[in-house]
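Trainee: Following this message is one structure expressed as structure tokens.
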Amino acid sequence: MQRVNMIMAESPGLITICLLGYLLSAECTVFLDHENANKILNRPKRYNSGKLEEFVQGNLERECMEEKCSFEEAREVFENTERTTEFWKQYVDGDQCESNPCLNGGSCKDDINSYECWCPFGFEGKNCELDVTCNIKNGRCEQFCKNSADNKVVCSCTEGYRLAENQKSCEPAVPFPCGRVSVSQTSKLTRAETVFPDVDYVNSTEAETILDNITQSTQSFNDFTRVVGGEDAKPGQFPWQVVLNGKVDAFCGGSIVNEKWIVTAAHCVDTGVKITVVAGEHNIEETEHTEQKRNVIRIIPHHNYNAAINKYNHDIALLELDEPLVLNSYVTPICIADKEYTNIFLKFGSGYVSGWGRVFHKGRSALVLQYLRVPLVDRATCLRSTKFTIYNNMFCAGFHEGGRDSCQGDSGGPHVTEVEGTSFLTGIISWGEECAMKGKYGIYTKVSRYVNWIKEKTKLT
């Protein structure tokens, strides 16, 4: 050992030469080849830009991808507040529009922890899920709905009403508006369904052609004169109802159009017979001090009505009164919509009929006004139920099992459909085979075919 130390001390150069020789002889690779060197130097990206590629500028990756940045730091990169805001909405919580939440063709705009749907015409709601065109639920209008030129839903009301503040509902604009029951104790009605169904508002005009289920031109059946199986109405419950007196009292009914005009069935009236109209009537054998009597000074049957050919085709007529009626809670007009909506209301499927006709076939007449709710009968069933002609200006209503119907003496009276508490005239009681017979239905004049004629003839000057 001492010898080694002596050699190292005396010959340091010799030791250095030996160490260099050892290192040069060692098999050690210091440098990597080209392919392996690239694997180390090319680190993986830590952010997949996706939809944000258009925003990647300057030092965005260094500022906001390698570490969390602030809005101000992102603003320094974009140098534009609008583009920074768009980037920031996705950077903070991701793209809220990625799941396509907007329905019915709506476009989505991302926001922080939220999104906004821009809806096309006819749709609204958080996700454009609500269809608000007139075709669906009447555009949420209480009475009438139209699509304006700029594709917006516009609600409107019948005469005597105005739009409420919400621009959807209708409120009375006159003391005694049409179709409203204003006597408080008469509010108990089994109301028809008033929610607008999803209906086709375009196909509301059918051609007036005969549905050829028969070839017979003359008919042998009963004029309706009474509601069978109905209930006693309360005073003022049907304030548009009138009774016609002539050679016989209460031979037909009718409805108040306005202070000067009554609408009834054409087969009820004869131009050579004096007719008296009584409005505000309830019990025809008692004086209740609500009655108003007027004489008829003019009868206008529909111009297509011809009793010699068919007593019940175009079965509608107008009666002009000598003095105007005084409107009150017991004397109120019935509402008459336009052709389109009268047809729509009829399709609701249920209406009220009323009158003082016979309580059963060939039986006694009613003393107190009767009323009955009757369902609309589909046209195919209606045609199969009778051998007589059912024209397109007629419709059937009633019960297959029988027992409830209008009957002799009810003719000319109203078939009304209630819409959100307001009643509209949809039919006129016309004819039927006996009364309340099983498998038979009441036949009514379809008012939608005649509303333009009614309004033209009954204008108040």
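Note: Cβ is positioned from N, Cα and C throughout, glycine not excepted.
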Trainee: According to Swiss-Prot, which residue among Cys178, Cys268 is joined to Cys252 by a disulfide bond?
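Mentor: According to the record, the bonded cysteine is Cys268.
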Trainee: Run through Asn203, Asn213 and tell me the one Swiss-Prot describes as N-linked glycosylation site.
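Mentor: Among Asn203, Asn213, the residue Swiss-Prot annotates as N-linked glycosylation site is Asn213.
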Trainee: Taking Cα atoms as reference points, rank the binding-site residues Glu72, Glu73, Glu76 by distance from Glu288 (Ca(2+) 8 binding site) and give the first.
Mentor: Glu72
Trainee: Please determine which of the binding-site residues listed here (Glu72, Glu73, Glu288) has the lowest count of neighbouring CB atoms within 10 Å.
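Mentor: Lowest Cβ count within 10 Å among the binding-site residues (Glu72, Glu73, Glu288) is Glu72.
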Trainee: Could you give the Cα-Cα distance between Glu286 (Ca(2+) 8 binding site) and Glu73 (Ca(2+) 2 binding site), in whole Å?
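Mentor: Answer for this pair: 91 Å between alpha carbons.
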Trainee: Long-range same-chain neighbours of Asn283 (Ca(2+) 8 binding site), Cβ under 8 Å, sequence gap at least 6?
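Mentor: In sequence order, Leu367, Val368, Leu369 meet the Cβ cut-off.
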Trainee: To see if you understand the setup: which same-chain residues, six or more apart in sequence, place their Cβ under 8 Å from that of Glu291 (Ca(2+) 8 binding site)?
Mentor: Val278, Ala279, Gly280, Glu281
